[in-house]
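Novice: Supplied in structure tokens, the structure appears directly below.
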Amino acid sequence: MDAKSVSLADSCNPAACNGLCTLPTNGFAPTIQSFAAQLDLADGTLGRHLAHRLIEIGITDVFSVPGDFNLTLLDYLIAEPGLNLIGCCNELNAGYAADGYARARGVGACVVTFTVGGLSVLNAIAGAYSENLPVICIVGGPNSNDYGANRIIHHTIGLPDFSQELRCFQTVTCYQAVVNNLEDAHELIDTAISTALRESKPVYISISCNLPAIPHPTFTRQPVPFSLSPKLSNKAGLEAAVEAAVKFLDKAVKPVMIGGPKMRFSKACDSFTELADSCGYPVAVMPSAKGLVPEHHPHFIGTYWGAVSTAFCAEIVESADAYLLAGPIFNDYSSVGYSLLLKKEKAIIVHPDRVVVGNGPAFGCVLMIDFFIALVKRLKRNTTAYENYRRIYVSEGHPLKNDPNEALRVNVLFQHIQRMLSGNTAVIAETGDSWFNCQKLKLPPGCRYEFQMQYGSIGWSVGATLGYSQAVPEKRVIACIGDGSFQMTAQDVGTMLRCGQNAIIFLINNGGYTIEVEIHDGPYNVIKNWNYTALVDAIWNGEGNCWTTKVQCEEDLIKAIDTAVEAKKNCLCFIEVIVHKDDTSKELLEWGSRVCAANGRLPNPQ
């Protein structure tokens with residue numbers, strides 16, 4: 001992985017936000033500056049080595065929640081030039097922030113305390129695992145002398161066995177390192193970080209609280225840079241896979257290409273686009289791959305999502321006699337309750353390191369990026385399916401125009417959000433109806449798009465907005481969040497303000513968990529309404545740059561957007577949008593009924 005250190009000026013500058021982007025102090029602890037002054041940085045220590053490694057792989061911001069087991073480690077992270085510690089309101093949001101950061105930078109990191117912090121961040125780490133994001137989860141662990149001493153310590157379930165947290169992380173990380181001995185600490189830390197980058201998955205590093213400040217010969221003042229050995233395709237396997245694919249695709253009359261989410265960590269997005277340029281096939285993406293393929297590509301036909309696809313996209317894909325699927329994930333959500341009309345015998349499925357042609361054969365040790373590059377030179381150009389698309393395509397209509405002061409409709413809201421998009425923006429869509437409305441946005445060149453389809457944890461977007469904004473401050477994040485999701489993780493809007501971020505948050509207030517209403521309705525889907533703008537004003541409390549407003553009609557919305565993008569362009573802008581509880585996209589109505597049917601299938605007969 002090519003990574004470079006980014007200067008602190010490019011991210012959250014503690015000076016610019018009056019020191020509020022670091023850990024808070026209190027009357028019982030010295031200031032952060034005196035913490036740093038007390039550290040002896042002349043010798044190589046575990047804490048300094050870890051800080052160096054994080055900077056080396058491109059991390060300049062670490063999201064944290066302090067606890068007594070990680071405080072000394074946090075001292076060393078704060079003291080490291082070029083590394084910025086961002087204190088979050090809770091561990092779950094710190095994990096979500098590291099997730100969002102990893103989407104923009106390629107890797108993220110969070111630091112929490114033992115068990116109470118570790119089990120709290122676990123849900124976010126599971127989400128990062130499902131989305132193939134390398135997140136370094138660092139936990140401050142018990143004193144090294146307490147391991148094996150048959151002692152009961154706080155922050156545990158009251159047993160002398162300290163492995164509970166480790167066992168929980170084993171299923172949602174690709175490597176776990178318990179550092180309670182300085183002799184092998186260097187090796188464990190380096191192995192964990194390199195494994196995260198190589199596998200594009202989270203890793204867990206537990207560091208005993210008494211070790212970060214102790215010098216040890218294995219830690220040099222300037223750690224020797226480590227590099228990852230590049231993955232290589234098996235040459236014979238690659239040639240055989242390409243030969244089989246060319247034979248399969250060149251005999252097809254109406255082949256298509258479909259991009260999937262695994263293209264991201266395979267680093268194959270550019271080669272996929274290059275292949276689309278050369279072969280002339282129409283290009284669709286799965287919903288979880290939106291943003292990975294440029295939507296201004298001349299042969300882009302939209303999102304393939306079965307019955308809720310972009311108009312005319314499903315007809316072209318499902319009538320094709322061959323499809324090239326790049327890194328797909330087929331689950332009950334992406335398949336709309338297992339209702340996709342795709343046939344395996346017509347598909348070439350390209351996994352990150354394996355290619356399967358039709359019902360066979362399969363070719364292992366073939367990297368996706370190498371496979372696409374090789375195909376560029378071999379495939380015959382075939383525009384038949386795209387020409388068919390052009391024949392049937394009818395331009396989309398526009399939402400009915402609102403009457404003056406008429407209650408705002410969701411489709412009108414997203415019509416205005418569409419006009420806000422540019423190469424300097426990024427869209428983050430929360431789990432819910434925003435999935436479907438944001439899928440219909442047409443992304444201009446350079447506009448980024450993120451959502452969490454595989455894991456679908458409501459509330460993810462607040463922390464992810466924090467992390468993503470921190471990672472790429474040159475882009476203005478536009479987050480679309482439902483009221484139910486916002487209630488899960490609202491606190492870290494305050495952290496966005498501490499870091500001087502200028503995201504625009506559209507809080508869509510429709511009184512409940514709308515996506516769940518359309519799957520299976522019940523009184524449990526109705527939530528207590530909050531005064532969301534007043535809540536954010538209270539969080540703001542006069543510190544930082546913040547602007548809030550509440551809109552109920554199109555005229556209010558137009559004024560709010562104009563203010564957010566002009567007069568308040570340097571502020572965090574929070575726009576609460578009041579809409580009817582039954583105002584949903586037609587795609588959610590269709591998708592919800594199909595997912596409900598899939599969930600309600602009777603047991604197979606025994």
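Including glycine, each Cβ sits where the backbone N, Cα and C put it.
Just so you know, TrEMBL annotations never went through curation; they're auto-generated.
Taken from TrEMBL, the feature Mg(2+) binding site covers Asp483, Asn510, Gly512. Taken from TrEMBL, the feature domain 'Thiamine pyrophosphate enzyme N-terminal TPP-binding' covers 45-154. Under the heading domain 'Thiamine pyrophosphate enzyme central', TrEMBL lists 242-359. TrEMBL lists 451-573 with the feature domain 'Thiamine pyrophosphate enzyme TPP-binding'.
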Novice: Restricting attention to the domain 'Thiamine pyrophosphate enzyme TPP-binding' (451-573), give the mean pLDDT.
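Specialist: Mean pLDDT across the domain 'Thiamine pyrophosphate enzyme TPP-binding' (451-573) comes out at 96.
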Novice: Which number gives the other C-beta atoms within 10 angstroms of the C-beta of Asp483 (Mg(2+) binding site), all protein chains shown included?
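Specialist: Excluding its own Cβ, the number within 10 Å is 25.
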Novice: Write out, in the order they occur in the sequence, the residues of the chain not among Asp483, Asn510, Gly512 that have a C-beta within 8 Å of the mean position of the C-beta atoms of the recorded Mg(2+) site.
Specialist: Gly482, Gly484, Ile508, Asn509, Gly511, Tyr513, Thr514, Ile527, Lys581
Novice: Far apart in sequence but close in space: which same-chain residues, 6 or more away, have a Cβ under 8 Å from Asn510 (Mg(2+) binding site)?
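Specialist: Those within reach of Asn510 (Mg(2+) binding site), by Cβ under 8 Å and sequence separation of 6 or more, are Gly482, Asp483, Val579, His580, Lys581, Asp583.
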Novice: Among all the protein chains here, how many other CB atoms are within 10 A of the CB of Gly512 (Mg(2+) binding site)?
Specialist: 20
Novice: What does the DSSP secondary structure composition of the domain 'Thiamine pyrophosphate enzyme N-terminal TPP-binding' (45-154) look like, as residue counts for helix, strand and coil?
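Specialist: Counting residues by DSSP class gives 51 helix, 22 strand, 37 coil.
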Novice: Let's see if you can do this one: DSSP helix, strand and coil counts over the domain 'Thiamine pyrophosphate enzyme central' (242-359), in that order.
Specialist: 39 helix, 26 strand, 53 coil
